[in-house]
């Protein structure tokens, strides 16, 4: 019995101890069970035992937080062990906003976002330590301390207050930086912390100043809208406010939507307060408007309607504005300056009149640049053929394309009745306005050269019989009051321009020029190929008889050889009757003998020509020395006969032609004039009757009797594009075997012109070796590409010639490397036999992409038929093989042309080839 009593006493004492502990805990945190049960969601708190432990108390607070309205930050209330913070962050922001509505809520939200990561990292450790004896002891020690409800007051009666003071943004940043920069020995880094604090303070000060200025712009614009009778819910007002908020977020970083809403609410409240206190005062705002448009569309009448006064003379029968004038007035306490201009004429013949007027306007606006441009046209003026395009292009040429970036299209006579549609039924007013607006906007896009332009359109009606509302304001057929809407568009453009200059959002961007219109990288591979191309040196007229590079090295061998043709026995050619009497074998022997004699005779003529050239060269060298010894002696050319013009041969006809070929139209004479002008034939051009789509000009001359020079140019033009090619070159000798060639080229690359300045010097290393070094510079698309090249030419014996070159070209930080090797093998009797084989190899590296190509070409005679074979292949597996044969005797080769004809017929009949592929 005693044992049972002792057990009951122990149980009772245990229950009393638990009850005492639970009551002390409730008193410690200041929680009224009834209030908790009343304020918490249903089913979460049932009695005082629910908060009998810290873990359960955290659960209860978290459940209550989850039921509260969610915020963007989505912060959850956390009860920590060392700092008992029981006030939810989400509600603190809402309560402060409801009481004062100032920037404290925004600052607190930013603090919460800064503390969010730290709180979430500590949640797991706090949950584990809550149930420990240490946590219970700390809560017991703090049982006598109670927190006040603070600013939240009656809004949260069921939740305890956090006794600890919130961390500021700077303190949170310092705390975070201190933890991140912890050293291995446990000592924090104070240098980085101080730097972070200094940068944060400077950025915050600058950002606050910018926000304050932008807030003043918001207030100013809301006051303007209020003066014009427009609410913040107006489409234009809402769009401008949205753009201001977007610009602020782009300039100063991302901000929450709630902060933007608070800024708008404060600006709206401040604007209403200022307007209520000072309704009659003039605003610190002025707008300058430039008026442009055709004559008779109602520019001056609209100005009078804006000021509600006869500021400008109007006439319905003749132009009333004869000069540029400035009209200044006040509309609803807003200073408005309008630059009225004389009317423009749409005809192409009157463009000089328009240029004179716009020249006067340009001089006038130099004093005060306009904020907005109003381009006037009539709504009832039907035009679908871009008849106003010349006028708009004239405006664009004189003022620049930027004149349309801040332009508003004003359509007068807006009360006109809509015309009939295609079905005979009158169009709706909205469709009528949309069609007319689209035509004017499209014409402006064409004139400005920017198809992205979308100029706003405002409707205007100045007729005295226009319908009005109770306040006497003119109303359009669609129910719109046009005057405040037009002024609101003008003021909105000025406000956005002020915000743009404040936030400096367009330092690198230019309207109408997407992405700053970056200069494109020049085509380096194409320019490098042009640089590596070998060019022949220019020669004086008396040097044209000089031997070629190949024959110059064979002088001794040619002199030592005897003429085999002189040693042949006499030969009598047979007549046609005598040939018919010969047998087939005799006729073949006769033909072989005749071919050998013809070959030896050509060889003899070639050697005689070489000897004659060498003698001429020696005489010219001797004459040059005599001229240097007697510089005053002049040549007497008066006794020479005048050159007689002779007709030049006609252009070669294409392989396929008809009677419409206009070769006879462009016959010309070769005269003594050094200028040679010829037409350029395009066999595959668009014009069948006149295939000459360009002309070519050439001239050779000598500068100071020492420097040979040449000028050549070609211009071609078809329906789609035009091409210009110009080349000027000159050679300068400076020593034996040293020649410098300079040139200037202009050529069309795409839609741009490329200007190239080049120079190369060739000098003889040895008797059979010549080296060339050159530089070049090309200007294209505001970019300069410069490069160098090195070339070496060597002769091996009489039949082999090798040319090796390499170069590099750089431009706009980009580089291209390339080189080529060419080996030529000539026949034994070249150039008489015309047997020649060439092997080429080219390499180019651009952007790490290695391109390797090889080509082989060979030509030889088979009887009297010339055979030419070509083959090329690159490292990407693509290549080409071609064989060509030309003969004047084997006419049966024409039958080969039947093969492609038959192939085309088979493809058309059975559907083979033709680029079709089966799926």
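Cβ coordinates come from backbone N, Cα and C, glycine included.
Look at Swiss-Prot and you will find 296, 297, 298, 299, 300, 301, 413, 461, 462 tagged as GTP binding site. For residue 296 (GTP binding site), the count of additional Cβ atoms within 10 Å of its Cβ stands at 17 [all protein chains shown].
In this structure, residue 300 (GTP binding site) is part of a helix by DSSP. Around the Cβ of residue 300 (GTP binding site), 25 further Cβ atoms fall within 10 Å across all displayed protein chains. Swiss-Prot lists 300 with the feature Mg(2+) binding site, giving similarity to another entry as the kind of evidence.
What Swiss-Prot records for 319-323 is region 'G2', and it gives sequence analysis as the kind of evidence. Nonlocal intrachain contacts for the region 'G2' (319-323), taken as residues 6+ away from its ends with a CB within less than 8 angstroms of a stretch CB, comprise 295-296, 299-300, 312-313, 340-343, 360.
Here Swiss-Prot flags 340-343 as region 'G3'. Under DSSP, residues within the region 'G3' (340-343) fall into helix, strand and coil as 0 helix, 1 strand, 3 coil.
In the predicted structure, the region 'G4' (412-415) carries a mean pLDDT of 91. What Swiss-Prot lists as region 'G4' is 412-415.
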Cβ proximity for residue 462 (GTP binding site), under 8 A, sequence spacing 6+, ordered by residue number, returns 298, 301, 302, 304, 305, 412
Comparing local Cβ density (other Cβ atoms within 10 Å) for the binding-site residues 298, 413 points to 298
Among 296, 297, 298, 299, 300, 301, 413, 461, 462, which the record lists as binding GTP, the farthest-apart pair of C-alpha atoms sits at a distance in angstrom of 14
Same-chain, non-site residues whose Cβ lies within 8 A of the 296, 297, 298, 299, 300, 301, 413, 461, 462 Cβ center for GTP are 302, 314, 376, 378, 412, 460
Counted with DSSP (H/G/I as helix, E/B as strand, rest coil), the region 'G2' (319-323) has 0 helix, 0 strand, 5 coil
